[in-house]
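The structure appears below as structure tokens.
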Amino acid sequence: MYHLGQDLPGNDVDDIEDLISADDVKPRERYENKKTVTVRAKKRSQIRLESQEEEEKPKPTIHESVIPGTQKVFVKTWGCAHNNSDSEYMAGQLAAYGYRLSGKEEADLWLLNSCTVKNPSEDTFRNEIESGMRNGKHVVVAGCVPQGAPKSDYLNGLSVIGVQQIDRVVEVVEETLKGHSVQLLQNKKKVHGRRVAGAPLSLPKVRKNPLIEIISINSGCLNQCTYCKTKHARGDLASYPPEEVVERARQSFAEGCCEIWLTSEDTGAYGRDIGSSLPELLWQLVEVIPEHCMLRVGMTNPPYILEHLEEVANVLQHPRVYSFLHVPVQSGSDSVLGEMKREYCRQDFEHVVDFLRERVPGVTIATDIICGFPTETEDDFEETMTLCAKYRFPSLFINQFFPRPGTPAAKMDRIPANLVKKRTKRLTDLFYSYEPYADRVGEIYTVLVTEVSHDKLHYVGHNKSYEQVLLPMRDNLLGTRVHVRITSASKFSMVGEILDDERDWTRCAKNQELPNVQVQTRSRERLIQRYFGIALVLGSLAFLIQLVVRLL
């Protein structure tokens, strides 16, 4: 198993449960994106100038006669933890075959893994494609955008890897470097009449963070939300067998991971297609979690968690499971939820939150809101405001509605943009009006330290409630459990001081850096030896043929 250093450009991918994303589209980027889609009349001189630029655009170098597996690849990812995991798998296969992962400037090929949830994400994805081609790079695209809309004009002529074909990334990259275009968008074959969830979980990985393993437990979902484009890409629910998920977790811990993230489009729906359930899987997983390591359950929609509330509450109280759940509500109005086809009402969501807060001490509930859905009235929005004011969620992801092509909601009459912005600002102001951690100063927690903060100034640990605690950067601190006292707090995190001496830190994972370098080197050596051997055999054969010809 290979691990990718955190400083590698293009590898800073934040998952949907993160509070602050370094990869979010900035206002300046959004402005640049808009410029690329503005329709305006062009003067003849402009057309001639653009034609000249097209002719001057550098062409990608064709690697027809170069040994495969010796080039450099840049990997960039947009979107959720599921996409992040897919990128780690693709990077792992490329590294295992000898390809070197690099920054964008020195790379021969760019592998771009896309997200189709929001318009700005697709806009930046499209701009990155254009940037790569403008700089003479080979480009391979992957993820939900090409899977959901493969006939998009800007994808013409590009190599495409479908969401269920990531185990074939090496052959796609090889052919692309030779100047060919390959498109693999088909679903995996069914096994015993059941749709397969995707590529095998046993594939090699290059992890974004060597301490964290992201496991996709299922692909697709059972819903038909009117605003969602991801359904077009990921399809209906397909779950991995529990024994495969458990084995992947066991292997990850053996390789030095100290935290597992379960991810999918809806973890609560897990197992319904294979006669299992999320609680059954969770109880099997806790049996293989080593002491001092942790498990985090990913996003689950209200309808399916309702059926298992008691069991889920029990699992979340387990000492090696974070007391955290991401349950997106999207709106506080039953009318809007009906138009969204969310298959639950506000009362259902409130029951989930109330039950978990009562049964699971210190539980953190994160949720999502869409502002400005086409049918949302002022009264509907007020219901959303009262819901958020009632629960004061510490993690609240606020999104403006984006009409995604091909979805039913895209055909509905839209609310004026200025009204959508006004509502978004009102909800954002409400969210920033309270400090969820203001009363924590002086509290003592045990935290698992697994990450580096976005500003690179702190290490990041999480307590049992998966609340973020910033710590001073000290040698050997990553991958340990330590006791901390909270000294200050902000909107999104707390700052702590370490109470333990270094000799008392509890290490939950062994150092994997040296073995990874050795394994990767051995992989390249085997590749070189293989081609050297082939060349030697061919050379000997040619010599024998010449000798026979001379004798005759």
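Glycine residues also receive a Cβ, built from the backbone N, Cα and C atoms like all the rest.
Record features, source Swiss-Prot:
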type	residues	note
BINDING	C80, C115, C144	[4Fe-4S] cluster 1 binding site
BINDING	C221, C225, C228	[4Fe-4S] cluster 2 binding site
DOMAIN	71-178	domain 'MTTase N-terminal'
DOMAIN	207-438	domain 'Radical SAM core'
DOMAIN	438-500	domain 'TRAM'
REGION	31-61	region 'Disordered'
TRANSMEM	532-552	transmembrane segment
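The distance from the Cα of C80 ([4Fe-4S] cluster 1 binding site) to the Cα of C228 ([4Fe-4S] cluster 2 binding site) comes to 14 Å. Within 8 Å of the centroid of the Cβ atoms of C221, C225, C228, where the record puts [4Fe-4S] cluster 2, the same chain has further Cβ atoms from N223, Q224, Y227, T230, K231, E265. Taking Cα separation as the measure, C144 ([4Fe-4S] cluster 1 binding site) is nearest to C228 of the binding-site residues C221, C225, C228.
Residues within less than 8 Å, Cβ to Cβ, of C115 ([4Fe-4S] cluster 1 binding site) and separated from it by at least 6 positions along the same chain comprise W78, G79, C80, N83, S121, E122, F125, G143, C144, V145.
Its own atom aside, the Cβ of C144 ([4Fe-4S] cluster 1 binding site) has 29 Cβ atoms within 10 angstroms in the protein chains shown. Residue environment of C80 ([4Fe-4S] cluster 1 binding site) contains 24 other Cβ atoms, counted within 10 Å of its Cβ in all protein chains.
The least crowded of the binding-site residues C221, C225, C228, judged by other CB atoms within 10 A of its own CB, is C225. For the domain 'TRAM' (438-500), the model's pLDDT averages out at 97. According to its DSSP assignment, C221 ([4Fe-4S] cluster 2 binding site) is in a strand.
C228 ([4Fe-4S] cluster 2 binding site) falls within neither a helix nor a strand when secondary structure is assigned with DSSP, and so counts as coil. DSSP states for the domain 'TRAM' (438-500), grouped as helix (H, G, I), strand (E, B) and coil, give 0 helix, 34 strand, 29 coil.
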